[in-house]
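To start, the structure under review is shown below, and the notes come after it.
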């Protein structure tokens, strides 16, 4: 049985050291070129972990934060200078987390375990951030030796990184073999929100799918064709459905391998494909005004909404109308329960509606519930992209299964 961190657990481990897996894999691309670096401070992946850290600090628990960033290769990490300049270092996040928490966060750049242990023992500080774990051989291979070394730094483990829980990596899965392990506050909220979508959505229930990739969304389409009342398609999925019908798509992105399955899905009246599109130089780059109006009306009437993937190439503002209209319609529907995920989808909010972005990310994680989890009961921004899609498609996530089967629950 999966157990979650709560005040009683935190009280039991008072004075101990917690290893907390978070996800600071935030690339510059996630901000879509925005020069407003303050958006990093309110990025969902940063906001999401603050309640867990605060709960641990409240009970005088030393916190060691574990994360990765990007996909560094060994030649790039021989020099610390190269790793920082290459955009792989977690160094910038020490200041960001310090700002959010109101306490100093010590950055440990040298990933030498005896040195790390001494630093943790001698320092009077309460929060530490280790350098990018992917600088260590074995992290992505779920190496038990590395996991044991990491486990030696703390007394118990907390996974608050739902967005990487679909990865069988040493700091996500193998580490649970060596320490009492718990899900964090945000991970609990992620699972609660997605379980609601899968098991008891209020109706009408609308699923919105876009983005460039089609193949990874097909399992969602197949699973929710029975559960949802409406499925609205944009971008890559829409283009592939057009192609399956034999309609001209020019040079648009089409997943030819998915067409046989798409042809079967076309029989469902629940699936809505844009009746008009914005096409430039033989490429479909956004949904058209008619589709925007139709989709917005469906959203207005919905009581549960799941959204993953933008409607068009929103990075070019000429083709951002569809995606922006979806955001506006969703935010205007104050009666619907909404779950939104995917890196591109969240990035579109930073680009198109920066003021709303800051408000929504703050609201999502800072409203207090009776269980001391910061929540916005109406709208939830999932930190998961691939993890969200895999969980909704019914797959077991290695990070979650590892918590269920962990060595001990303390």
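Backbone N, Cα and C atoms are what each Cβ position is placed from, and that goes for glycine too.
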Next on the checklist: Record says 23, 24, 25, 68, 69, 70, 71, 134 bind substrate. Source is TrEMBL. Which of 118, 167, 189, 203 does it list for that same site?
Outcome noted: 167
Next on the checklist: Among 199, 200, 217, which residue does TrEMBL annotate as binding ATP at the site that also has 315, 342, 343, 344, 345?
Outcome noted: 217
Item to check | Intrachain C-beta neighbours of residue 71 (substrate binding site), sequence separation six or more, cut-off 8 angstroms | outcome: 134
Checklist entry - Counting distance between Cα atoms, which of the binding-site residues 23, 25, 69, 167 is nearest residue 344 (ATP binding site)? => result 25
Checklist entry - Taking the centroid of the Cβ atoms of 23, 24, 25, 68, 69, 70, 71, 134, 167 as the substrate site, which other residues of that chain lie with their Cβ within 8 Å of it, listed in sequence order? => result 67, 132, 133, 164
Checklist outcome for this item: Quick tally, other C-beta within 10 angstroms, 315, 344; top of the binding-site residues is 344
Next on the checklist: Quick check: in three-state DSSP terms, what is residue 167 (substrate binding site)?
Outcome noted: coil
Item to check | Pairwise CA distance, residue 217 (ATP binding site) versus residue 167 (substrate binding site), rounded so that it is a whole Å | outcome: 18
Checklist entry - C-alpha of residue 343 (ATP binding site) to C-alpha of residue 25 (substrate binding site): distance in Å? => result 11
